[in-house]
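Asker: Pasting the relevant annotations from TrEMBL:
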type	residues	note
TRANSMEM	45-66	transmembrane segment
BINDING	CYS168, HIS319, HIS323, HIS329, MET337	Zn(2+) 2 binding site
DOMAIN	197-364	domain 'Peptidase metallopeptidase'
BINDING	ASP220, GLU296	Ca(2+) 1 binding site
BINDING	ASP256	Ca(2+) 2 binding site
BINDING	HIS266, ASP268, HIS281, HIS291	Zn(2+) 1 binding site
BINDING	ASP273, GLY274, ASP293, GLU296	Ca(2+) 3 binding site
ACT_SITE	GLU320	active site
TRANSMEM	390-407	transmembrane segment
Amino acid sequence: MGQGALLCSTFQAITIHPPILICFLCSKHPSSAVTTTHQTQMVRFFSYVTAISFLFFLQLLSYSLAARPAPTPSEMATETLNATWHNFSKFLDAPRGSQLLGMSDLKLYFHRFGYLLPKRKINTTVTFSDEFDEEFESAVVEYQKRLGLETTGKLDKDTMETIMAPRCGMSDAAVHPSPAGLTKQLHTTQHFSYFYGKPRWTRPSPINLSYAFSPDHTLDYLTSKQVKAAFAAAFARWAAVIPVSFHPTEDYRSADVTIGFFKGDHGDGEPFDGVLGVLGHAFSPENGRFHLDASERWAVDLSEEKSKVAVDLESVATHEIGHVLGLAHSSVKEAIMYPSLKPRTKKVDLRIDDVEGVQALYGSNPNFKLSSLYESDMYSNGTRTTTLTYLNRHFLLLLMMLLLIVIRQ
Ligand SMILES: [Zn+2]
Ligand SMILES: [Zn+2]
């Protein structure tokens, strides 16, 4: 029995007049009777099928537009990377044991962010080999753990995209996990962390910190008012959860937190690297130095700023204030203290991980309720779930409609 005959059998089970479908679907039954009533039913049936298929196609189209796949490293390279990190895309899926020209630069990246110790120093300059050796594989595994990635030990797509994404210049190492972090580590590697020694601002509570902007290291395309507004919003997010307040001052020299936009080597041993790459850095308590890379295209309103490489100022400010307060990087991707941030992305809401981390240092603001944040996080997770099941629900509805129509024929 051929496929056509099988189709006919199927339709015989659900239609009143199987010969009609046999004629359409199976040319092996040309002798089957075809009446005018049958033809009318047939046309009606396929009209419904066509209409429903079209609706389903529209659903699929809207879904695919709403959730486009992540760009490949090469796509990212043209839009979101600085020149140095752009070159790393050639190491995608490089196997262990391979010897690839320039791999030493990728190892320097791992060294810079706290994952690889140098074996060789030439005139105090750290150098690495171009071999994907066992030590480098261990560094990749550690990096994947700290960045909340699947721990494959390979330079897979997710890992390469994360490596090449713009990020904070602070190292991911030299951290001092909290007791809560260590407890969580038994079950998962995802948690907040502190700088080594767990430094914090130690003045008596309630702590009031002043902040000021460098009069010399500014941007010429944003007004002082715009920059100050972005920072005021960022400071307010932290002040809402801990008993620490912040106030602006014009006295840059005596301020607790000193903020400025700097280019390249600016004298603190952590030179900036041009467009994207490292976006900024801030020192641990009670240093207060807070530097942003003046080469970035900083945005205070992404709907107005059209640059493909624009970086949201308030998002980075909120992250760096976390460092000023004593938080190191988190491996929770949604957390403010996660080290990387894609261009044209606004990410300013503190997550439970951030709040738990900073409250373990300073205690809770009496006006803040952690339960409300839990609800907020659950709500955002629920929104994602709803989006993912939206298509399934509608598809089932369409299938039910189709069955009802067929049964009524
Ligand atoms: Zn950082
Ligand atoms: Zn600096």
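Just so you know, glycine gets a Cβ as well, placed from its N, Cα and C.
Automatic, uncurated: that is what TrEMBL annotation is.
Provide an account of the burial state, proximal residues and distances for the features listed.
Answerer: According to DSSP, MET337 (Zn(2+) 2 binding site) is assigned to coil rather than to any helix or strand. Cβ neighbour count for MET337 (Zn(2+) 2 binding site) (all protein chains, 10 Å cutoff from its Cβ): 24.
In three-state terms derived from DSSP, GLU296 (Ca(2+) 1 binding site) belongs to neither a helical nor a strand segment and is classed as coil. Annotation for GLU296 (Ca(2+) 1 binding site): same-chain Cβ neighbours under 8 Å, separated by at least 6 residues, are VAL275, LEU276, LEU279, VAL309, VAL311.
Residue environment of ASP256 (Ca(2+) 2 binding site) contains 20 other Cβ atoms, counted within 10 Å of its Cβ in all protein chains. In the three-state DSSP assignment, the secondary structure recorded for ASP256 (Ca(2+) 2 binding site) is coil.
Annotation note: HIS281 (Zn(2+) 1 binding site) sits in a strand segment as assigned by DSSP.
Counting every protein chain shown, 17 other Cβ atoms lie within 10 Å of the Cβ of ASP273 (Ca(2+) 3 binding site).
GLU320 (active site) carries a helical DSSP state (H, G or I). Within the same chain, residues at least 6 positions away in sequence whose Cβ sits under 8 Å from that of GLU320 (active site) are CYS168, GLY280, HIS281, ALA282, PHE290, LEU292.
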Asker: Inside 8 A of the center formed by the CB atoms of HIS266, ASP268, HIS281, HIS291, which other residues of the chain have their CB, for the recorded Zn(2+) 1 site?
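Answerer: Along the chain, the qualifying residues are GLY169, PHE262, GLY267, GLU270, PRO271, PHE272, ARG289.
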Asker: Select one residue from HIS266, HIS329: among these binding-site residues, choose the one with the most other Cβ atoms within 10 Å of its Cβ.
Answerer: HIS329
Asker: Taking the binding-site residues one at a time (ASP220, ASP268, ASP293), which has its Cβ surrounded by the most other Cβ atoms within 10 Å?
Answerer: ASP293
Asker: To the nearest Å, how far is the Cα of ASP256 (Ca(2+) 2 binding site) from the Cα of HIS323 (Zn(2+) 2 binding site)?
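Answerer: ASP256 (Ca(2+) 2 binding site) and HIS323 (Zn(2+) 2 binding site) have their Cα atoms 14 Å apart.
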Asker: So for HIS281 (Zn(2+) 1 binding site), how many other CB atoms are inside 10 Å of its CB?
Answerer: 20
Asker: Least buried of the binding-site residues HIS319, HIS323, going by other Cβ atoms within 10 Å?
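Answerer: Per-residue Cβ counts within 10 Å for the binding-site residues HIS319, HIS323 bottom out at HIS323.
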Asker: Given the binding-site residues CYS168, GLY274, and counting only Cβ atoms in the protein chains shown, which has the most within 10 Å of its Cβ?
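Answerer: Buried the deepest by this measure is CYS168.
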